[in-house]
């Protein structure tokens with residue numbers, strides 16, 4: 001499973017942060033300096049686009065260099081390890097898919113008492129109770145964090161997960177249950193849970209409050225993006241006010257499998273100019289050609305707009321979910337890049353170096 005966390009918040013920082021009012025104060029951070037990768041990518045773009053496009057790129061305003069999110073000294077990793085995990089309590093565990101959905105997904109909240117300082121985009125590990133068939137403790141499983149650094153209760157003392165119960169039939173016709181996912185989905189409030197981490201820097205949010213952030217998720221891959229979006233639209237900070245574009249694409253099999261839709265509806269109503277969301281419901285929707293509506297199919301409807309955004313130094317793409325989504329998205333980008341005479345594989349490498357293409361699939 002993919003992994004993700006939220007920010008370590010010091011006592012003074014926590015005091016400076018409150019839940020958002022209907023009209024939060026506008027606070028802007030300076031735009032960060034340009035990385036070498038961004039510079040190289042600019043050269044690549046200039047060398048390969050048509051004369052018209054090259055002129056447009058050359059005329060674009062100069063960007064300041066970006067500060068790498070991975071070099072932030074405040075990001076904590078591996079505070080708790082498997083041999084000495086943190087033991088939290090389950091405070092809440094709720095099924096968030098409808099009864100007729102193909103599979104169960106649960107949203108759960110654990111107490112941390114502020115001892116697991118995480119950031120949006122990180123993950124935690126969970127060790128299920130009991131032992132394996134060899135009599136040894138179960139190995140940890142990583143899960144993307146689904147809450148902002150403040151947590152669902154806004155006090156920086158909880159962490160939330162979004163977990164799908166794994167149940168399948170093997171080649172021998174036996175029903176197999178995933179050890180950790182079933183342990184988590186069966187947790188009752190008050191139960192202990194062993195937690196490790198936080199871990200990961202790949203999926204950390206960009207610091208630029210004016211960034212364009214494109215989020216591509218399938219199923220429980222929505223977890224890190226819920227953490228992003230809560231920070232952007234449900235919370236108020238003295239030093240951060242999101243004023244860019246957050247564009248979410250979420251792919252699920254059925255409408256009864258849509259996760260956190262009510263929350264996203266509220267965000268859309270609150271910030272219609274800053275938040276867009278498009279769903280791809282593969283078993284219920286088709287495109288104009290009658291093809292099933294997968295996430296890449298939905299993205300294809302906006303491909304020119306997405307490509308124009310990808311040419312900008314302040315656009316960041318995050319992908320989380322099933323590994324199969326990656327190829328379909330690459331196929332779209334290959335054809336779009338080719339129209340501008342750009343090799344997508346090379347261009348994607350430059351995006352990755354500039355921390356503008358971030359992938360966590362499983």
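Numbers here mean position along the shown chain, with the first residue as 1.
Glycine residues also receive a Cβ, built from the backbone N, Cα and C atoms like all the rest.
Keep in mind it's a predicted model, so treat the numbers as computed, not measured.
Cross-referencing 97, 218, 220 against the FAD binding annotation in Swiss-Prot, which names 141, 142, 143, 144, 162, 163, 164, 168, 179, 180, 181, picks out 220. Same-site candidate for NADP(+) binding, as annotated by Swiss-Prot with 144, 164, 220, 252, 253, 282, 283, 292, 321, 322, chosen from 73, 84, 360: 360.
DSSP assigns residue 181 (FAD binding site) to a helix. Of all Cα pairs drawn from 144, 164, 220, 252, 253, 282, 283, 292, 321, 322, 360, which the record names as binding NADP(+), the longest spans 28 Å.
In sequence order, 93, 95, 104, 106, 163, 165 constitute the residues six or more apart from residue 185 (disulfide bond) in its chain with CB-CB distances below 8 Å. When the C-alpha distances from residue 164 (FAD binding site) to the recorded positions 180, 220, 283 are tabulated, the minimum falls on 220. Overall, the recorded FAD-binding residues 141, 142, 143, 144, 162, 163, 164, 168, 179, 180, 181, 220 cover a maximum inter-Cα distance of 22 Å.
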